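The feature Zn(2+) 2 binding site is assigned by Swiss-Prot to CYS159, CYS162, CYS181, CYS184. The domain 'J' annotation in Swiss-Prot covers 5-70. Positions annotated as repeat 'CXXCXGXG motif' by Swiss-Prot: 143-150, 159-166, 181-188, 195-202. Among the features that Swiss-Prot reports, zinc finger is placed at 130-207, with the record citing sequence analysis.
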Amino acid sequence: MSKRDYYEVLGVARTATDDELKKAYRRCAMKFHPDRNPGDAAAEASFKECKEAYEVLSDGNKRRMYDSHGHAAFEHGMGGGGPGGPDMNDIFGDIFGNIFGGGGGGPRQARRGADIGYVMELDLEEAVRGVERRIEIPTLAECGDCDGSGSEDGKVETCNVCHGRGQVRIQRGIFAMQQACHNCGGRGQIIAKPCKTCHGNGRVEEDKVLSVKVPAGVDTGDRIRLQGEGEAGPAGTPPGDLYVEVRVREHAIFQRDGDDLHCEVPIRISQAALGDTVRVATLGGEAEIRIPAETQTGKLFRLRGKGVRSVRSRSEGDLYCRVVVETPVNLTPEQRKLLEQFEATFVGEEARKHSPKSATFMDGVKGFWDRMTS
């Protein structure tokens, strides 16, 4: 089932401010929280959906990627939480922080940078032969001024509230919960002199230009993984990956079916009746098809090995050419007269002999009406 639009999930406009997003998330989370809806699977699903939407839209970089590429930008992982999406421990920590005034943002510590999704559109020829493309993606890169530490002088201190854990335990009635430490923001460390460039984050926004080699034979839906080309990890953790999803544009001649190609070949009535040799286009140039006499529309001709070389097995698909007998148009008086003379020869048994399908069809129509009127 396709995902709902994140703005629709939170009930806000695409121009919503950060404050409007936060208020909408709070309302959504309070309404669907599992503790308020015990045993309600639909409410739990809505709660997760709300959490996922807010994680993306509350992050400026992720929001820009979502506005540009939609859900495809995050199919291999969201935020710093890894490719599996948010788990219930993180969700409970975040929501209770919001409900009880502890602030947003879960207590988790990211183990790596976020993965990035990018959609690359290719022509069929590029997908079949392979291509190298330069792309530009918005991302978070390690701050060069502080080498990713977030500290102007490189010094950090262990938080004296959470003692480096990044989380604190709170008791609310019968509930014991963990949430991000308010003193260090969940990092477990205090930066006395934040870097002036990244403001203590250790990462800065930048547009990265990359060269992507697309192998021959890719098709719509195939993904190319560029390891380590995702967002820089916080506090020196490894970067995420970049996933390039391929989308192949429709072609004017060929339709692709896996490694096979299909096309239509129009021929004249005279060619269909008398037979002929016609030239057809293939990905490797032209080829010839011998049309036997009395060929009908719909007949398939198979050209082995003229399809697409598989990106996985390296075997080659086939090209299937479907003949379409074209009715002549814009006839000259002489051509019309010749056709009228030709049609006049189709009388009695001669018509049945030369057009068996037409005769069989008319017999069927006559039999149908006889049965209907008897």
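Using N, Cα and C of the backbone, Cβ positions are placed for all residues, glycine too.
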Among the ranges 143-150, 181-188, 195-202, the one whose Cβ pairs under 8 Å to the repeat 'CXXCXGXG motif' (159-166) are most numerous: 181-188
Environment of CYS159, CYS162, CYS181, CYS184, the listed Zn(2+) 2 site - residues of the same chain whose CB lies within 8 A of the CB centroid: ASN160, VAL161, HIS163, GLY164, ARG165, GLY166, GLN167, VAL168, HIS182, ASN183, GLY185, GLY186, ARG187, GLY188, GLN189, ILE190
